[in-house]
Amino acid sequence: MASMVSFCFLLLFLAFFASSFNEIYAEESESKEFVLTLDKSNFFDTVSKHNFIVVEFYAPWCGHCKKLAPEYEKAASILSSHDPPVILAKVDANEEANKELASEFEVRGFPTIKILRNGGKIVQEYKGPRDADGIVDYLKKQSGPPSAEIKSIEDATNLVSEKKIVVVGIFPKFSGEEFENFSALAEKLRSDYEFGHTLDAKLLPRGESSVSGPVVRLFKPFDELFVDFQDFDVNALEKLVEESSVPTVTIFDKDPSNHPFVVKFFNNANAKAMLFLNFTSEVVESFRSIYREVAEKNKGEGISFLIGDTESSQGAFQYFGLRDDQVPLIVIQNNDGTKYLKPNLEPDHIASWVKEYKDCKLSPYRKSEPIPEHNNEPVKVVVADSLDEIVFKSGKNVLLEFYAPWCGHCKQLAPILDEVAVSFENDPDVLIAKLDATANDYPTNTFDVKGYPTLYFKSASGELLQYDGGRTKEDFIEFIEKNREKSSKKESIVKDDQTDSETKAEL
């Protein structure tokens, strides 16, 4: 569930961060199609024949997929002339027959692009651009050697950019256990980082030039600018690279060069502290300075730190249910989705508030829409602040839908649930309800919501079942009748009445 929370959170941030795509022309091309069309029947047979193949999982209704399509086709055309040719393919993951395939490759949204190596034995995420030229450049690098040899200062200058992370191995010779382990690391992490190797540290722009190796040097555009490692265990190297490639404080603003670090921030396993303020305000430098001190003091303590400009952070405000009049503010989110909020923050509050968080002295913050003043529709509206009362403490049999306002399947389901609710309108033991999961927090350890709509049934006695049956009116009614129980509140009232009667009789 933690991965779903992080995944959804990340999407909301990136929706406000990503730069717009180039405008797409709508003319139909009569030229040859270079993108292979795969499905369940030919997927594995095709993939097994290629040492390197790229597969897009798409849905016909997906707007981003439609924007990508001509760029992807153009890239496939160009890469067909590469030596050796780079094959691009696509799978309609909306087709019923291909849904199992999409599930196997952990497709959680569209479009999802995977790089498959060694006949499909190695699967990696595509993490490159989505315009034709960007796709071509990225895949040329990905299809080549995982690490580039640095033979000159020019080679080093071309590889080690001021705005990206690069991992370079320095060796006395390109053989032996250390070099093999470095090569294995480069192969494993090539989708995330660029790698190089050299026999001469003097060619490199930063760091001790007299080192003969073996040493791994990570170059980065923040903090201490480079770090040297000498532990050549692959797992240890990977951990060191991952930890060193996250800034002490990640910057979230409109600068596209910060984008990869924002992604890494949300993908790491730490709790996430996020300070939001107006970057044009007079107090911004005071906040930055103190926040960085706190981040450095808590390094290695399981908390990652980000500072975001309110102008660029509307996705976060939507996700957390925050308001501009609460700025400056700080939020900490655990991987289980629990959140803690300190609005109207002063710089000297930061250190003490983070300490209170670490000492478990803070009360969780819960995002909730207002409880409706009138809730008279057949399907009852549930918000975070009324979830306990309406669902868990009502003593009723409750069918609860978790939905998103933008979800097409949810819109299709809405009139059906209305009909189901009307069918039980005069039944005091049954309630049909809905909760906007994008606007309200809910206990993620109780409800496993991986997509929309997700439905749960809570019986009168409190037993919880996830509904995975059909979606007709008859399907829902049959399920409710099969799993319903007598109202626990009604039984309690009867017992209380009986006790009162017995007491009166004794008197």
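For all residues, glycine too, the Cβ spot is worked out from N, Cα and C.
Per Swiss-Prot, the feature signal peptide maps to 1-20; the stated evidence is sequence analysis. Positions annotated as domain 'Thioredoxin 1' by Swiss-Prot: 21-144. The annotation active site, nucleophile is assigned in Swiss-Prot to C62, C65, C407, C410 on the grounds of similarity to another entry. Among the features that Swiss-Prot reports, site 'Lowers pKa of C-terminal Cys of first active site' is placed at R130. What Swiss-Prot records for N181, N278 is N-linked glycosylation site.
For C410 (active site, nucleophile), applying a Cβ distance below 8 Å and a minimum sequence separation of six or more within one chain yields E401, Y403, A404, Y452, P453. When the Cα atoms are compared, N181 (N-linked glycosylation site) and R130 (site 'Lowers pKa of C-terminal Cys of first active site') turn out to be 32 Å apart. Across the fold, the C-alpha of C407 (active site, nucleophile) and the C-alpha of C65 (active site, nucleophile) stand 17 Å from each other. Note: the domain 'Thioredoxin 1' (21-144) comprises 47 helix, 26 strand, 51 coil (DSSP; helix = H, G, I, strand = E, B). Averaged across the domain 'Thioredoxin 1' (21-144), pLDDT in this predicted model comes to 89. The Cβ of C62 (active site, nucleophile) lies under 8 Å from the Cβ of F110, P111, each of which sits 6+ residues away along the same chain. Note: the Cα of C65 (active site, nucleophile) and the Cα of R130 (site 'Lowers pKa of C-terminal Cys of first active site') are spaced 10 Å from each other. Here the recorded positions are N181, C407; the one with the fewest Cβ atoms within 10 Å of its Cβ is C407. Under a cutoff of 8 A between CB atoms, and with a sequence separation of 6+ in the same chain, the neighbours of N278 (N-linked glycosylation site) are V284, D309, T310, E311, V327, P328. Under the three-state DSSP scheme, N278 (N-linked glycosylation site) falls in the coil class.
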